[in-house]
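The topological domain 'Extracellular' annotation in Swiss-Prot covers 1-31, 82-109, 166-196, 255-279. For N14, N172, N265, the entry in Swiss-Prot reads N-linked glycosylation site, with the evidence type sequence analysis. Annotation source Swiss-Prot lists transmembrane segment at 32-52, 61-81, 110-130, 145-165, 197-217, 234-254, 280-300, citing sequence analysis. Taken from Swiss-Prot, the feature topological domain 'Cytoplasmic' covers 53-60, 131-144, 218-233, 301-340. Summarising the annotation, Swiss-Prot assigns disulfide bond to C99-C176.
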Amino acid sequence: MDETGNPTIPPASNNTCYDSIDDFRNQVYSTLYSMISVVGFFGNGFVLYVLVKTYHEKSAFQVYMINLAVADLLCVCTLPLRVAYYVHKGIWLFGDFLCRLSTYALYVNLYCSIFFMTAMSFFRCVAIVFPVQNISLVTQKKARLVCIAIWMFVILTSSPFLMANTYKDEKNNTKCFEPPQDNQAKNYVLILHYVSLFIGFIIPFITIIVCYTMIIFTLLKSSMKKNLSSRKRAIGMIIVVTAAFLVSFMPYHIQRTIHLHFLHNKTKPCDSILRMQKSVVITLSLAASNCCFDPLLYFFSGGNFRRRLSTIRKYSLSSMTYIPKKKTSLPQKGKDICKE
């Protein structure tokens, strides 16, 4: 879709504007994508390692976090390709397939993150507001089914992004991540944008607002001394998910709406073009940074993180000492279906 925010500009009249944003774009994207790649890879890799090593402590929350970490890792593995593209000043070196895959991976991760966070918020709301129904609704099996449905839905509905192929510019350089070049493609992208805006952002955002409002009212009415750990996990989830929506998802979707309509304007003043292009660079980088928010969701709202690390250390020590007939005691299952 609108990756770099460079509208089609006549080479003779507006070349100065195009060149100035190229320098800004290449520096910002290459720097921020590099940082997001490193932080996202190690953060999500560590979360996935802890969750897999302690998989015997199954919970619905763990199922969602595993899927969220996998989606993030798949995305950050393609970010180095973007870094190389902008380091080489907007010249694509990796063929048409990887160009399509890189664009596709970013949007699959973006909307998988939104839907996984929404599902986690909904089931945490059910666990707190409707504790009786929680027993039958918030289960590992249902969490797995929800995750499968989310993956299938996002993979299929994001398939139009696979159409974002490479092309040659007037200097015969191979380009990738560029906006549509003709009006027919722009109209198609605008329709695709509004579908993804309502289904992939507005509806999930309204859902989490309703869920968090119900959670807050329930916590305020209940005794402060009861379920202190559950209260902390709920507050942690509210803070992290709300921050992800406000910092990563909302600015990007608002700016993308404005930008796509801007591309349809016949007259574009130079200063407006520069401001629009720079805003695309900032908001798209913020959207990609959701890979760094997701590990925080586990650290601050997953609960029992230290206990899981302690379990891993016990397994490591027991495997090194070779003491027979001494087994590491495992946490009991099923005491709290929404303990994570």
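Using N, Cα and C of the backbone, Cβ positions are placed for all residues, glycine too.
Feature map: annotations from Swiss-Prot on the structure.
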residue: C99; record: disulfide bond; DSSP class: helix
residue: N172; record: N-linked glycosylation site; DSSP class: coil
residue: N265; record: N-linked glycosylation site; DSSP class: coil
Euclidean distance between Cα atoms of N172 (N-linked glycosylation site) and N265 (N-linked glycosylation site), Å: 27
Cβ-based contact of the transmembrane segment (61-81) with the transmembrane segment (234-254), 3 or more pairs under 8 Å: no
Neighbour-count leader, CB within 10 A, glycosylation sites: N172, N265: N265
Cβ-Cβ under 8 Å with the transmembrane segment (234-254): same-chain residues at least 6 beyond its ends: 110, 113-114, 117, 120-121, 124, 128, 197, 201, 205, 208, 212, 215-216, 219, 282-284, 286-287, 289-290, 293-294, 296-297, 300-301
Which of 32-52, 197-217, 280-300 contacts the transmembrane segment (110-130) most, counting Cβ pairs under 8 Å: 197-217
Recorded stretch, among 32-52, 145-165, 197-217, maximising Cβ pairs under 8 Å relative to the transmembrane segment (280-300): 32-52
Folded-back contacts onto the transmembrane segment (32-52), same chain, C-beta under 8 angstroms, at least six residues removed: 62, 65-66, 69-70, 72-73, 75-77, 79-80, 82-83, 86, 285, 288-289, 291-292, 294-295, 298-299, 305, 308-309, 312
Whole-number Å value for how far C99 (disulfide bond) lies from N172 (N-linked glycosylation site) (Cα to Cα): 17
